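**Student:** Dropping the structure in here first, questions after.
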Amino acid sequence: MTLQTTPSTPLVQAPPVLATLVQAAAQHPLEQLSAEEIHEARRILAEAGLVGESTRFAYLGLIEPPKTARQGDVTGAARLVRAMLWDAARSRSLDVRLSLATGLVVDRRELNPEADGQLPVLLEEFGIIEDILAEDPQWNAALTARGLTPAQVRVAPLSAGVFEYGNEEGKRLLRGLGFRQDHPADHPWAHPIDGLVAFVDVENRRVNHLIDDGPVPVPEVNGNYTDPAVRGELRTDLLPIEITQPEGPSFTLEGNHLSWAGWDLRVGFDAREGLVLHQLHHSHKGRRRPVVHRASISEMVVPYGDPSPYRSWQNYFDSGEYLVGRDANSLRLGCDCLGDITYMSPVVADDFGNPRTIENGICIHEEDVGILWKHTDEWAGSDEVRRNRRLVVSFFTTVGNYDYGFYWYLYLDGTIEFEAKATGIVFTAALPDKDYAYASEIAPGLGAPYHQHLFSARLDMMIDGDANRVEELDLVRLPKGPGNPHGNAFTQKRTLLARESEAVRDADGAKGRVWHISNPDSLNHLGHPVGYTLYPEGNPTLAMADDSSIASRAAFARHHLWVTRHAEEERYAAGDFVNQHPGGAGLPAYVAQDRDIDGQDLVVWHSFGLTHFPRPEDWPIMPVDTTGFTLKPHGFFDENPTLNVPSSAAGHCGTGSEREHAAPGGTAVGHSGPDTGGQGHCGH
C-alpha cells in the first residue's frame, strides 16, 4: 500500500525499479499487492496465454499465506495471487492462481456456470447494459410509449440472481430498471420508470426477456438534495468543531503495521472484502497476546421484499457480486474524516488487469469517545474520571444507490467493535397506491420498497492461541421457592457449542444471549479460561421464505451465529462464486462437515444488519443508519486494564473561568481542551 499522512507534503516516490527492490527486501507477506506486483501478475497470465483482447479481470488479489505459516519471521515468503478471468469471446470463466516468485501459473480451473455460478459483475458491464438496451427495439418501443428516449434514461445494472425464468441457465445476466434523468446533474432515482424491466444477456449482448405492463406515471419530485430549491437556506447556527492533536496522533504506522495503546495489527485491503484486519494482538503489563488472527466483513446482501414482477428478483450481494473494496471511495479530510488523519491508498486491479490506486481509500485516526470510567466516593474522599478514546480504521464504498462506511474500532479497555454506516439514496419505485403493503411512500407518488442490509463478519479467533471454544450464555429467571423466597434471583446458563451442527444459533434479546469465546488452555488469575464475549444487536435475520432462492443463496443471513473449524479455503460466507450461484454454498456447506470445534482452531461468523422500512426522512438522501457488533474482553485481563490511563492534562478538565461559561439559565458549560473548535471545510 501507499502511505500518505495528511496534512503533510506528498511522499516522493522512488523510481519503479528501486521501489520494487526496496519493497522486496522488507516486504511482509501480508502487505497488500503493489502496482508493480499487479503489473507482474498480468504479465505472467498473459505469457501463459490466459489474457487476450476479450479477457477481463473480475477479481485479482493476494493469496494470504496459511495461518500456520504466519507465526514466525516469514518476510520474503513467496507471494501468490488469485485472479478470476472472464473471456467473453470464449464464454469462459477461469479461477487462476500464480506465483510472483516463480512467474508461473500454479493452478487454474474453468467454472461450470450452471453449477458454480458466474464471476463478479465487471465495471465495464455497468455501461454495457445501457448500450444493449439502447439498441433493442422492444425496449425503445416501451420508452416511446412512455414519451421517453434512450438518451433520457439511465439503467441500473442489477445482478440477476437465480430464478425460474426461461432461457437463463448458464448465461451471464444482468437485470435493468430504468430511471429518467432530466439533465446531466439530475439524480434519476427520483424518476423511476415503473412497469418495465429488462433481463439482459450481457455475454451475447441481447435482451433475453422484457416485462412491460404499460406506462406508469413517472414521479415528478425533485431529488437533487444540493439544489437550494430542495434544501432551503443553509443553516448559520452551527459553530465550527475543530479536532487538533498538537503532538500528533498516538498511533504509529510502519508499512501496514499499526500500533496504538497496547494494540498492534496489520491493515489489509481486498477488492472483494475491503478492509481486513490481520494479527490483532494486545499488550498489557509486558505481555503481548493474540486476540483475532483475521477479521473482515466476508459478505453482505441487500434483499428486497416487494413481490411485484418488476422487483421480486431484487437481491444484491455487494461483496461477492459487486466487490465493495473495488468500489471504495477516495476520502477527503474534514468531510469523510475529521482530525489528525493518516491515509492508506490501496491498489486494486481494473477490468483489464491494470493497477488502479484508490487515493486515501483507508482512513486511520483516533477520537475521543466520552467517559472511560468515573467515580466520586464520599467514604474515600476521591473523585476520579478518565477520558476514553478509540482507534478508528475505516473506508467508504459506493454500490449503486447506496453508500456504506465500514468502521473498525479498537478501545483502550481491549474492546473491538465494528460499525457499518448505511447512507446514500434508497432504491425507488413508482408507488402503486398509498396503501401498498411492500413499500413506503417517501415523497408524492414515490415509493421505496422494504429491504434489508445483512452482513457477515468472519472472525478468525486466536485468543491466547489456536485452542478456542464458544459457549452460549443466557439469562435464566428463577421462580419463587425455598431458595428464592422473594423471587429476585436470576442466574446465567452456559451451553457449550461443541460441534459445528450445534453452533448455528440465533440471538435472543429476552435472554440477553451472548457468545463467550475462550481458550480452555489459558487461565486467568481466577482459574477461568481467558476469553472475549460477542455481543450481538439481535436485529432480524433474513426475512424471506425458507424455500426462496435468496434464502438458499444467502443462507448465512438466516442465523446470527455460525462457528466453523478453521480452513484456509473457507473464506466467504456465501461461497467463492456468488453471482448467479444456485445456492447452498458457503456456510451451509462448511458446517455440513460437522467438525469438532471444542478447543480447536475456529472461525466465528456473525450475521447482523438492518431491516429498512424507509421513512420520508430518508429522502432525498438518507441520514446514516448504523449496525454492528461488539467483542468485549471477558476474563482476558485480570482486572480493568485501563487503570494506567492518566487523568486529563492539567487545565483540560478544570473549573476556572477560562474553562467554562454560564449558559442561559445559569448552567455551567465547560470547554475541555483542544478537541473543540471548528473544522468546516473539506480538504485533500
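If you go along the chain as it appears here, the first residue is 1 and each next one adds 1.
Cβ coordinates come from backbone N, Cα and C, glycine included.
Dumping what TrEMBL says about this protein:
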| type | residues | note |
| --- | --- | --- |
| DOMAIN | 120-212 | domain 'Copper amine oxidase N3-terminal' |
| DOMAIN | 241-643 | domain 'Copper amine oxidase catalytic' |
| ACT_SITE | Asp318 | active site, proton acceptor |
| REGION | 647-684 | region 'Disordered' |
| COMPBIAS | 675-684 | compositional bias 'Gly residues' |
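Looking at the shown structure, can you explain where the listed features end up?
**Tutor:** In the three-state DSSP scheme, Asp318 (active site, proton acceptor) is classed as coil.
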**Student:** Just to be sure I understand, if DSSP states are collapsed into helix, strand and coil, how many residues of the domain 'Copper amine oxidase N3-terminal' (120-212) fall in each?
**Tutor:** 27 helix, 32 strand, 34 coil
**Student:** If you count Cβ atoms within 10 Å of the Cβ of Asp318 (active site, proton acceptor), leaving out that atom itself, what do you get?
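**Tutor:** Other Cβ atoms within 10 Å of Asp318 (active site, proton acceptor): 23.
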